[in-house]
């Protein structure tokens, strides 16, 4: 009985560590990302451009993965977490812990950036927090499609951008193929997100992550923007939640069909033979 109690305690302790790691990693990612958007929007282009937002999100991802990678694997993305659970690599209890951690970190990051730029936000918006219009500020915290992008176009953009995200992540981490060293993986993941932003950010702002978009949206609804954050732009708030999950699943399937199913891990005997031949 005592051994069983100790085992349960160890499991709970490990799950809490992973929850906190995901929370901190996502918090770091989001503070860098959201504050860069705030600086560009509130500075009216004088304190940064679209490129600076992409770079900041890349830096945030890199540091977030460095922070949480050794403990939780640094998903920092509910789409990746859900996919891992569907593939049987993550239990339901850990699924809940990871997503709670990610959402908590993202929500707190939105609150931090709001506090950081509180005066500037109200000055820019003339005291009226809006989702659309010339003084709109809701896009600082969550993504909204461009005016000329349809709901279908927004969905396809988020879907394809997440397909490319998970393909890149799998390439970087695949030890059976040509995966990067562990120390280089966070930096390469940050560069991957930077590349997606540079090439696929025009239509929707490349959320590619439910944990990046939904918690800050909830925060803005509570902080003064109201339910317009959910009803505006054809009520497309669900797109950056659903499309990344589907894109992640399809991306994993594509990688397995094209690469993973054909890969054979190098066994120890082959490694020894290769080492002997080299010597």
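If you go along the chain as it appears here, the first residue is 1 and each next one adds 1.
Placement of Cβ uses the backbone N, Cα and C atoms for every residue, glycine included.
Outside the transmembrane segment (20-41), and at least 6 residues removed from its termini, the chain residues within Cβ reach (under 8 Å) are 47-50, 52-53, 55-57, 59-61, 63-65, 67-69, 71-72, 74-76, 97-98, 101-102, 104-106, 108-110, 112-113, 116-117, 120-121, 124, 137, 139-141, 211-212, 216. Residues or ranges marked as transmembrane segment in TrEMBL: 20-41 (among others).
Summarising the annotation, TrEMBL assigns transmembrane segment to 53-74 (among others). Tertiary neighbourhood of the transmembrane segment (53-74): same-chain residues 17-18, 21-22, 24-33, 35-37, 40, 98, 101, 182, 185-187, 189-191, 193-194, 197-198, 201, selected by CB-CB distance under 8 Å and a gap of 6+ residues from either end.
Annotated transmembrane segment per TrEMBL: 95-118 (among others), in sequence order.
Here the transmembrane segment (149-172) has Cβ contacts under 8 Å with residues 79-80, 83, 178-180, 185, 188-189, 192-193, 195-196, 200, 203-204, 206-209, 234, 236, 239-240, 242-244, 246-248, 250-252, 254-255, 259-260 of the same chain, all six or more residues outside its ends. Marked as transmembrane segment by TrEMBL: 149-172 (among others).
TrEMBL lists 184-208 (among others) with the feature transmembrane segment.
Here TrEMBL flags 237-255 (among others) as transmembrane segment.
Long-range neighbours of the transmembrane segment (184-208) within the same chain, counting only residues 6 or more positions beyond its ends whose Cβ lies under 8 Å from a Cβ of the stretch, are 50-51, 53-55, 57-63, 65-66, 69, 74, 77, 79, 139, 142-146, 149, 153-154, 157-158, 160-162, 164-165, 168-169, 172-173, 239-240, 244, 247.
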